Amino acid sequence: MAILETPEGGSATADSGDDLLTDSSSSELNRSLRRRPSAVRDLNDSIAEADNSESGSSSGEDVMNPTAAVHTDGLSVTGKERGGGDADKSENRSETDMKFLYRPTMPAHRNIKESPLSSVAIFKQSHAGLFNLCIVVLVAVNSRLIIENLMKYGWLIKTGFWFSSRSLRDWPLFMCCLTLPIFPLTAYLVEKLAYRKCIAEPIVVLLHIFITTAAILYPIFVILSCDSAFLSGVTLMLFACVVWMKLVSYAHTNYDMRAIAKLVEKGDTLPNSLNVDYTQDVSFKSLLYFMVAPTLCYQPSYPRTASVRKNWVARQFVKLVIFTGLMGFIIEQYINPLVQNSQHPLKGNLLYAIERVLKLSVPNLYVWLCMFYCFFHLWLNILAELLRFGDREFYKDWWNARTVDEYWRLWNMPVHKWMVRHVYFPCIRNKIPKGVAILVAFIVSAIFHELCIAVPCHIFKLWAFIGIMFQVPLVVLTNFLQNKFRNSMVGNMIFWFIFCILGQPMCVLLYYHDLMNRKEKIESR
């Protein structure tokens, strides 16, 4: 609403400064105000409209510039509207309006509003400033702790952290890693024969079962037969698990493509979402791209980007080196001394075990966050950029997870998509109940977590398996609490405490002391 606008829709009085001092002009202004005794209220309404508006032109800029606020409401007109000599009239009109706009009778409270930190409004606005404050405080506090630790204990990082002479003796693991591509090549030959209908479908399934089983048992046998370094064993097992999951997806997808091709031959109509050419030949190029691409789900083609951003890749690689070094520093300077000076958490004093777990939780959390950032954000994005792989959704906002099952759906998208595609929905299609299908997915995940940790440690205590399967009752518990309290913060805090503050440090202590006990037994023989 235009300030001082006449209710009849006529033009507002906008005479020059001299005319405003004349009696006729004064009487005309008085008549206008008598026709509109609520002029001040209209001023209030126009200001309220400006406050409620979400556009930038009616926000903070107008408050800081009162003249701009008057102009945006149409109080002054340009020279094009009233002629070139009306600039002085606009100034005088603004001065007149200021008499009403800033009087003490103007109400300062016009709307019902909540405090920014109230439960109603806290999630409706940005808290970037508070987040920056937390980052600054976090950096300052941890910098002090690092300096204090260096002054008290000195430089604890060993020269063999990045490169150890023992790693040179891990040549069987290195050779095993180099020979793993034999299994994808064999799977390609089987699919080629299956496409040409040289072998029956049951034989194809048996051959793929044999290939995938050998692809995971071969590195396990090599690691167990060699007294290799833990880091080398973990690296080989992770690589072997990735190869196994890719082989399963490759075989399962090609099997399904042949099944759908048979349905098409029978005249069945397919949905539009299945836009894959099921008649195309098996391509070695597509398999090669799939084996190096940052995905575990096979498909003949992927969305691709236009080009490779070389400068961007270089920046991400520098970040990767920096955060990897930070992980190494935290492990050698903080985690190793804490673990070495601790006792077995299940055999010592309960209060002492709790104290060790809580003390270990902070550096362990930092290492875990750095690991996530290095692998899921930096490394997978570098690999995707070099291969021009288009789908970069390697994770979602798992840090906002309200329940445990929501966390597992968000934090590792390549594995989650693989589980949904090759474990969960096949169970659902075979009339297996939903709860049992989720349990099967957790069992598969627990087995591979145990293999990746227990095999390099040469210890099969099933701590990792139990830790993953313990997530199943936690899923039920966090879902119950989320439904009961209807508060997103409750489930999120429970997730952070159980998973990062309690679970991971406990697993580190358990595996470390079991590994030390094994070494003592070997040395005592």
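Even glycines carry a Cβ here, placed using N, Cα and C.
Note that TrEMBL annotation is computational and uncurated.
Residues or ranges marked as region 'Disordered' in TrEMBL: 1-96.
What TrEMBL records for 79-96 is compositional bias 'Basic and acidic residues'.
Here TrEMBL flags 128-147 (among others) as transmembrane segment. When Cβ-Cβ distances below 8 Å are used as the criterion, the transmembrane segment (128-147) is approached by residues 333 of the same chain, each at least six residues removed from its ends.
The transmembrane segment annotation in TrEMBL covers 171-190 (among others). Remote same-chain residues near the transmembrane segment (171-190) are listed as 199, 204, 207-208, 211-212, 214-215, 218-219, 222-223, 225-226, 228, 232-233, 235-236, 239-240, 243, 246-247, 250-251, 282, 284, 287, 291 (criterion: CB distance under 8 Å, separation of at least six residues from the stretch ends).
Annotation comment: TrEMBL describes 202-224 (among others) as transmembrane segment.
The annotation transmembrane segment is assigned in TrEMBL to 230-248 (among others). Among residues of the same chain six or more beyond the transmembrane segment (230-248), those with a C-beta under 8 A of the stretch's C-beta atoms are 167, 170, 173-174, 176-177, 180, 183-184, 187, 208, 211-212, 215-216, 218-220, 222-223, 290-291, 296, 298, 415, 418, 422, 448, 451-453, 455-457, 515.
Cβ atoms under 8 Å from those of the transmembrane segment (317-335) belong to residues 146, 149-150, 153, 155-158, 161-162, 360, 363-364, 366-367, 370-371, 373-374, 378-379, 382, 508 of the same chain, restricted to positions at least 6 beyond its ends. Marked as transmembrane segment by TrEMBL: 317-335 (among others).
Within the chain, the transmembrane segment (365-387) has long-range Cβ neighbours (under 8 A, six or more residues past its boundaries) at 289, 292-294, 305, 308-309, 312-313, 316-317, 319-320, 323-324, 326-327, 330-331, 335, 394-395, 411-412, 414, 500-501, 504. Summarising the annotation, TrEMBL assigns transmembrane segment to 365-387 (among others).
Summarising the annotation, TrEMBL assigns transmembrane segment to 436-456 (among others).
Taken from TrEMBL, the feature active site applies to His449. Counting only residues at least six positions away in the same chain, the Cβ atoms of Ala464, Phe465, Gly467, Ile468 sit under 8 Å from the Cβ of His449 (active site).
Sequence annotations record features per position, and here TrEMBL assigns transmembrane segment to 462-481 (among others).
Annotation comment: TrEMBL describes 493-512 (among others) as transmembrane segment. Proximity of distant same-chain residues to the transmembrane segment (493-512), defined by a Cβ-Cβ separation under 8 Å and at least 6 residues beyond the stretch ends, is recorded for 335, 339, 342, 344-346, 353, 356-358, 360-361, 364-365, 368, 401-404, 407, 453, 457, 459, 461, 463-464, 467, 470, 474, 477-478, 481.
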